[in-house]
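Engineer: Residues or ranges marked as transmembrane segment by TrEMBL: 34-56, 77-105, 137-156, 163-186, 198-220, 232-255, 287-307, 319-339, 359-381, 402-425, 431-448.
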């Protein structure tokens, strides 16, 4: 694969709606500039071993996740692992289509001037009308699903062509926003970070990098063994960080005056409408922000198609792609129908949107990512990994393997536990007791099977 094509594909897997909607809220909630610096550090250095592990695995096996689970290993646990991966892909795709539909609606209304000079009462009416207009939201979801089906059929050629066209435009947007970086950093606060802030930065660095969804594994199956990956990953992560800061440099003017305790992902769009209350024309920065947000929203789902659209069998590829997109559309429709505070579809008081996000990004993705780290760090023969990561060995390889073996599983375990506990009505003590009971039961079953106890059974 050519280096330019690889860079375009890798950057396309990183940029997304989270850079414009979630990162600003996390910066406001979890420590301002201190959180942003920690997030950038994690993206550039800590996430690198995990992403490189996916590329290494792709280089080693040269088969798609479906083929690896059903043909190479052909074991029950491997098939279950692929089913879990497919569930994560479906959850992420459904929330992506839902969020992108809202981004398209705001982009169209904002650029057409419909959001200008709205008084507070009119703003509330606008939000209510849009949330009740499920047909409009669903039409954009269906339109995106049709686009995914068409581009999924084209596979590498179609997706790569789109990324090659879009990534340079995003680079121009970053260059336009560079002068705004210094005023942004001066306006940010720099407090000390707590444990919850660090975990939030770790989780967002993982999910915004699309780690654990094996997209980089699929790309690794096409990458030459001689191509250096560390510098490529750092450059890709740096591009994503700069793009997120570029969006933040514009949207921070809307959210810095609001209390961080009331911020949510959708609040950025609400504050966008509020910022246009006294405007008679859409400012250039706001227009560019809307265009960039809609653009990355439309392309954010394309990398996930590589998981289900890269099989050697054409019939299998079409069946897997069609079934996946159909389930995604159904789940996105459920999200649209359950959107709202009065929705009967809740889980322990949480809307289904939050449940899907926590299941996909807080439970399944850390689980798969930890499995990849353990597989490459502990199972695969070190010399095979050494040939892929750094032929000369040395301190860099030692640190890479140390992080992959110990640091990554521990941190991902904390993220996994944090998200899992938030999904159930249990406290930490009850969860600890349940884990101990499960471990003791498993040990007793093992002893019985080995006849270490009750030999007459």
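Glycine is treated like the rest: Cβ placed from N, Cα and C.
Explain the structural surroundings of these features, please.
Structural biologist: If one looks beyond the transmembrane segment (34-56) by at least 6 residues along the same chain, the residues whose Cβ comes under 8 Å of a Cβ in the stretch are 23, 26-27, 188-193, 197-198, 200-202, 204-206, 208-209, 211-212, 214-217, 219-220, 223, 229-230, 233-234, 237-238, 240-241, 245, 248, 369, 372-373, 376-377, 385, 388-389, 400, 403-404, 407-408.
Long-range contacts of the transmembrane segment (287-307) within the same chain, counting only residues at least 6 positions beyond its ends with a Cβ under 8 Å from a Cβ of the stretch, are 9, 12-13, 15-17, 19-21, 64-65, 85-86, 89, 92-93, 96-97, 99-100, 103-104, 106-107, 110-111, 144, 147-148, 151-152, 155, 159, 162-163, 166, 169-170, 173, 176, 210, 213-215, 218-219, 243, 246-247, 250-251, 321.
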Engineer: For the transmembrane segment (198-220), what are the same-chain contacts with Cβ under 8 Å, counting residues 6+ beyond its ends?
Structural biologist: 6, 9-10, 13-14, 16, 18-19, 22-23, 26, 29-30, 35, 38-39, 42-43, 46-47, 50-51, 54-59, 64-65, 85, 88-89, 92, 237, 240, 244, 303-304, 306-307, 310, 361-362, 364-369, 372, 411-412, 414-415, 418-419
Engineer: Which residues of the same chain, at least 6 past either end of the transmembrane segment (137-156), have a Cβ under 8 Å from a Cβ in it?
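Structural biologist: For the transmembrane segment (137-156), the far contacts come to 93, 97-98, 100-102, 104-105, 130, 162, 222, 298, 301-302, 305-306, 308-310, 317-318, 321-322, 325, 328-329, 332-333, 336.
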Engineer: Return yes if the transmembrane segment (359-381) and the transmembrane segment (77-105) have at least 3 CB pairs under 8 Å (sequence gap of 6 or more), otherwise no.
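Structural biologist: As far as Cβ distances go (cut-off 8 Å, pairs 6 or more apart), the transmembrane segment (359-381) and the transmembrane segment (77-105) touch.
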